[in-house]
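Enquirer: Here it is: the structure, laid out below.
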Amino acid sequence: MLTPPINLHAWIEEHRHLLKPPVGNKCIQQDGFIIMVVGGPNARTDYHYDEGPEWFFQLEGEMVLKVQDEGVARDIPIRAGEVFLLPPKVPHSPQRADGSIGLVIERERLPTEQDGLQWYCPQCNHKLYEAMFPLKNIETDFPPVFDRFYRSPALRTCSQCGHLHPAPERYATVEG
């Protein structure tokens, strides 16, 4: 049975209170594609690795999509009204401004595919840590990987330059 159309603007107004940290992300449909509305602000330091493409449509405000492009860190600004198709297998870290709202569309993963979360040294861009896993639910599969990385000073210390990657405030007791 077909689902009825969604009035996206009305959906956003009704759910705007959910599009804030710490999650800021709500899946509105999932049937072949994962269609999410994502609000800012956020302060992610991880890079997401997806074996498929991702489509970004910035509805309100702006964002910067940090990417690792052939070993070089780059910033791609995406402003309200703009769309961007990220090719498969490009590590990316969406940085959303306060009050911003975007639509992100990813295809559902094939049974053989894995997602990844990666962290790079903010000083020298050396890859610090990578975890690959089959993605079932973006809202529940990411947090254990975040916890593993941020709770471990060993994982966060760069083997190239010795810099300790900062952890979010909620992990502050790990370093104390």
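From the backbone N, Cα and C atoms, a Cβ is placed for every residue, glycine too.
Sharing the features that Swiss-Prot gives for it:
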BINDING   Arg44  O2 binding site
BINDING   His48, Glu54, His92  Fe cation 1 binding site
BINDING   Glu54, Arg96, Glu106  substrate binding site
BINDING   Cys121, Cys124, Cys158, Cys161  Fe cation 2 binding site
Enquirer: Using DSSP, would you call Cys124 (Fe cation 2 binding site) helix, strand or coil?
Expert: coil
Enquirer: What is the separation, in Å, between the Cα atoms of Cys121 (Fe cation 2 binding site) and Glu54 (Fe cation 1 binding site)?
Expert: 24
Enquirer: Pop the Cα-Cα gap between His92 (Fe cation 1 binding site) and Cys124 (Fe cation 2 binding site) into the table, whole Å please.
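Expert: On Cα coordinates alone, these residues lie 17 Å apart.
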Enquirer: About how far apart, in whole Å, are the alpha carbons (Cα) of His48 (Fe cation 1 binding site) and Glu106 (substrate binding site)?
Expert: 12
Enquirer: Report the residues of the chain - excluding Cys121, Cys124, Cys158, Cys161 - with C-beta within 8 Å of the mean position of the site's C-beta atoms, for the recorded Fe cation 2 site, in sequence order.
Expert: Pro122, Gln123, Asn125, His126, Leu128, Ser159, Gln160, Gly162, His163
Enquirer: With Cβ-Cβ distance below 8 Å and at least 6 positions apart along the chain, what are the contacts of Cys158 (Fe cation 2 binding site)? List them in sequence order.
Expert: Cys121, Gln123, Cys124, His126, Leu128, Leu164, His165
Enquirer: Which of the binding-site residues Arg44, Arg96, Glu106, Cys161 has its Cα nearest to the Cα of Glu54 (Fe cation 1 binding site)?
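Expert: Going through Arg44, Arg96, Glu106, Cys161 one by one, the Cα closest to that of Glu54 (Fe cation 1 binding site) is Glu106.
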Enquirer: Please list, in sequence order, every residue of the chain apart from His48, Glu54, His92 whose Cβ lies within 8 Å of the Cβ centroid of the Fe cation 1 site.
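Expert: Nearby residues not in the site list: Tyr47, Tyr49, Asp50, Leu65, Leu86, Val90, Pro91, Ser93, Pro94, Glu106.
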Enquirer: Report the same-chain neighbours of Arg44 (O2 binding site): residues 6+ apart in sequence with Cβ closer than 8 Å to its Cβ, ordered by sequence.
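Expert: Counting only residues 6 or more apart in sequence, the Cβ neighbours of Arg44 (O2 binding site) under 8 Å are Ser93, Pro94, Gln95.
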Enquirer: How long is the line from the C-alpha of Glu106 (substrate binding site) to the C-alpha of His92 (Fe cation 1 binding site), rounded to the nearest angstrom?
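Expert: For Glu106 (substrate binding site) versus His92 (Fe cation 1 binding site), the Cα atoms are 13 Å apart.
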